[in-house]
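**Student:** Can you read through this structure? Questions will come right after.
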Amino acid sequence: MGKVGAGDGSSAGLSALLAGAGLLMLLAPGVCSSLSCCPPQHPSSTPRRTLTPRGFPHPGPLGRAPATPPPLFMRPLFAVAPGDRALFLERAGGSRVSVATAARSGRRRRSGTEPEKIEPGEGASRSRRDMLKDGGQQGLGTGARDPGKATRFRMEELRLTSTTFALTGDSAHNQAMVHWSGHNSSVILILTKLYDYNLGSITESSLWRSTDYGTTYEKLNDKVGLKTILSYLYVCPTNKCKIMLLTDPEIESSLLISSDEGATYQKYRLNFYLQSLLFHPKQEDWILAYSQDQKLYSSAEFGRRWQLIQESVVPNRFYWSVMGSSKEPDLVHLEARTVDGHSIYLTCRMQNCTEANRNKPFPGYIDPDSLIVQDDYVFVQLTSGGRPHYYVSYRRSPFAQMKLPKYALPKDMHVISTDENQVFAAVQEWNQNDTYNLYISDTRGVYFTLALENVRSSRGPEGNVMIDLYEVAGIKGMFLANKKIDNQVKTFITYNKGRDWRLLQAPDADLRGDPVHCLLPYCSLHLHLKVSENPYTSGIIASRDTAPSIIVASGNIGSELSDSDISMFVSSDAGNTWRQIFEEEHSILYLDQGGVLVAMKHTSLPIRHLWLSFDEGRSWSKYSFTSIPLFVDGVLGEPGEETLIMTVFGHFSHRSEWQLVKVDYKSIFDRRCAEEDYRPWQLHSQGEACIMGAKRIYKKRKSERKCMQKYAGAMESEPCVCTEADFDCDYGYERHSNGQCLPAFWFNPSSLSKDCSLGQSYLNSAGYRKVVSNNCTDGVREQYTAKPQKCPGKAPRGLRIVTADGKLTAEQGHNVTLMVQLEEGDVQRTLIQVDFGDGIAVSYVNLSSMEDGIKHVYQNVGIFRVTVQVDNSLGSDSAVLYLHVTCPLEHVHLSLPFVTTKNKEVNATAVLWPSQVGTLTYVWWYGNNTEPLITLEGSISFKFTSEGMNTITVQVSAGNAILQDTKTIAVYEEFRSLRLAFSPNLDDYNPDIPEWRRDISRVIKKSLVEATGIPSQHILVAVLPGLPTAAELFVLPYQDGTRENKRSPEDLEQISEVLIHKLNQNLVHFELKPGVQVLVHAAHLTAAPLVDLTPTHSGSAMLMLLSVVFVGLAVFVIYKFKRRVALPSPPSPSAQPGDSSLRLQRPRPATPPSSPKRGSAGAQFAI
């Protein structure tokens, strides 16, 4: 599902309830262009679903509260719905009017990278028009006018009962938060603030309280502290008398708590910086708090004391237990990050979340930011092999992988709803880019079938995914969706939860009654269902639970959905027929259970009028709500079912105080409705009365009666006889043009459940499954329902063995879980034998005992042939898995000579630690090669054809790890080398690591240059690995910058003589540390340059040793068979004690000997 998203990243995250605190927020246009001025908010308490760019959408859990105002680029809005209500307003220059309603039921489907924000669901228009065309005098069609079909407008101005109150002294304040708890309470709280956009902080605040439904207000700054700056207002969703105020964390981190609806407060210090709150859905004093440093705290005393639950919690991935699904009401579900950056799913008790008491319901890691707990379901995502896999737990049972059609191959998925024990999901398949397919699940949320293809999606300003899908309030199973067909977007409607869809029939006439010529399927009505990038421009739809037949939306008539020529439409028969009500966008407020509709026009000008309709939009009357035109910033309806009081927030000018206009609609009603004031209305779909398997008859108030009604729901409901229309195709089946559900090409209907054993029974699907929540009875129910059938005996077939994570690798010394899968066969009476390939084998008597997998630990690395054999009385099957067992590669050391001869083969070896890590790939770079040499062996041989310094690099790939080492080698036609030794005290300070050897080599070279005066370019020193400490000294034929010929062999001999002399005279030494002198001297003659090796002997070193031995033997044989016998000469008088030189004595001649060659005395350099 990409991931389970945490709310709504678009700026339009509005809902009537914010955080269960009853907070509805408004920001004026242009005030906040980024999250810098308005930090992101968190999911609201309204159970709405939103989608994120990477994943599972997240329904804002009940009671989640934002810490700061959310960014909204919009105009003011209506806000009303059952329950508590509050409004957040923000004012800027050039205020515009917009009205929006937020309803719990009118849920739009959205997603975002940010927490879910309050969203208008009940009539919030989203575009701006300047004027209402008088009475709608511009028609949509031509022909004979039918006055009976025209929308009537009464232009006579009527007056509503209203009072105005100014929040004196707050003219500079540009934000306001309003809470109206309702439930027979007359208390309204308003928090106004001055937000400095340059500083990015709140600099002033005021708290106001009304006890007479908003007629008058009292300023409470002295009760909370005159110098206290308040930043946010929270209200307990289960007890509206409990209020919580958050101080500005820039100054202090404190909570002010009230238990008397904000009359008095007590201050409590916080030892953390609060970012969001989550109230418990039942216990009024239980709260979860998320801090800015990603720690989760709990309080059982309504914020008076806090206890740390868990650190490193993923933002918005914490939930209270769901009643009925969890036994413990104080259980907390959360997603936490491990030290190495992985995410895990944890549960624990709010006051006892110790390491020992934490549970891990999902084994292993989950994808980051992917946990969602919603109703009876828990969802997580796990990506393996480059593909996302989605898992669900129903009523906290073990997780099962969610099954889509085999070749859906989703690249993104979002859970839209989990209502009525069923999962509704939007899936973007491998071949889709800007559309999603809608899928609906069985009760357990495991098996999904297609409901609608190619539903339009778009990206919000924060990258959030928005799906054009709307669930109509008050009628179960009714949805509207915008589907993309041949690059045209059309609106479809369903009454049976996606089983059947059809286009919307356009109105027969326009506002004036002129006929509209629109023929299906070429022309239809199209509605805006999504929030646009500017969340309060065109695109609004509204419905109410208490008015199930009435839907108000903006849209257009034509061949496709358009962003131009937008009008307002209403349906009073649940979407069967529609009527145009305005030619410009208005926002709609439902009064008196939907018996009265209030419309307020979008305009940038101040207004003082609104429109009322008592007959479901057929006619409208003009009412004034204030004597002075007002720039409207927002409208808040009275909480509760009746909604007869409305407060309009605005200002007379850009510099004036906030003006609060209380509008009382009670005066427009004559009386309470009696039984004779109602008429019956039957829900239907194009004349079909059976909707979701039942006939439902509602009562509606007669249009000519102006009485206050009471909502009673459906007058009566009776089940229908089941027909084929009450059944959808089962998993693995597809509906064909004749209406039949037939198996998909990839599905084998004869496949049995793996739990099915000979003598048992299984449910044999007929290809159909009843639509969840459908109430039909009898009829074809028996014919289409899966029937129990005896399990036939079958030989094993389709055996597979895989690792639990789908990988072909395992780590040495760690558990690897192997899963045995069998398509067919009697799993209860099948013998399974598993050979791990390392000399260990196990047997099982049935497959059921292996459901959790077979765990095994490999002690050695290598490629192991894992075989599994299954047998029953009817046959057998086998499968093989080649498993690569590795261990982590920790270090790579490149071993090769320091100096080599031109055109001579050089051996390079990659020495590994540990030496056995499994299957490896070696990548070699050397010389001037532009392409590497790739081998499976750790050694290579090569030659250099030119002199100079060359770099060799080896990269070793082991699984996901790649390590490398680089060395430099000098190439010359000839050079001299000598082994060096040191005074024994150096060994005490030798840690035997490459860095130390490089530093000591540099010090020795410096000492040699200082003692001999030989240019440093002629000397190369390499300290060798191991103890005792030794080094190799190389004399190189350096060529200076004047491009003179390089040194001759005789010159190298002269340099060698000087070096040997100084070494023999003990003139080369260095100070390792204060008081520690190290003497450098020659060790012995070497026949070839040595190689920098690890303590283990390499092949090249052994070859050198053998070469020395063979040379020694050859010299011995030659001299043994000489005609003249060589007699030893007495020791040279010039030899010094400790002289490590080795003399090769010549046979004594009969004649006087010739002069010795240069350099014959002292140690000899190897050539």
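Note that the numbers count up from 1, one per residue, in the order the chain is shown.
Even glycines carry a Cβ here, placed using N, Cα and C.
Here Swiss-Prot flags 34-1098 as topological domain 'Lumenal'. Positions annotated as region 'Disordered' by Swiss-Prot: 38-68, 98-151, 1128-1167. What Swiss-Prot lists as compositional bias 'Basic and acidic residues' is 111-133. Feature annotation from Swiss-Prot assigns repeat 'BNR 1' to 208-219. Positions annotated as repeat 'BNR 3' by Swiss-Prot: 492-503. What Swiss-Prot lists as repeat 'BNR 4' is 569-580. Annotation source Swiss-Prot lists repeat 'BNR 5' at 611-622. Summarising the annotation, Swiss-Prot assigns topological domain 'Cytoplasmic' to 1120-1167 and lists sequence analysis as the type of evidence.
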**Student:** Compare 208-219, 492-503, 611-622 by their Cβ pairs under 8 Å to the repeat 'BNR 4' (569-580) and return the stretch that comes out on top.
**Tutor:** 611-622
**Student:** Take the repeat 'BNR 5' (611-622) and find every residue of the same chain, 6 or more past its ends, with a Cβ under 8 Å from one of its Cβ atoms.
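**Tutor:** Non-local partners: 151-158, 549-550, 552, 570, 572, 579, 581, 586, 595-600, 668, 703-704, 706.
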**Student:** How many helix, strand and coil residues does the repeat 'BNR 4' (569-580) contain under DSSP?
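**Tutor:** Here the numbers are 0 helix, 5 strand, 7 coil.
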**Student:** With DSSP as the yardstick, break the repeat 'BNR 1' (208-219) down into helix, strand and coil residue counts.
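**Tutor:** Helix, strand, coil within the repeat 'BNR 1' (208-219): 0 helix, 5 strand, 7 coil.
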**Student:** Quick one: average pLDDT across the repeat 'BNR 5' (611-622), no decimals.
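**Tutor:** Over the repeat 'BNR 5' (611-622), the predicted model scores a mean pLDDT of 91.
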**Student:** Based on DSSP, tally up the residues of the repeat 'BNR 3' (492-503) by helix, strand and coil.
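**Tutor:** Counts, helix then strand then coil: 0 helix, 5 strand, 7 coil.
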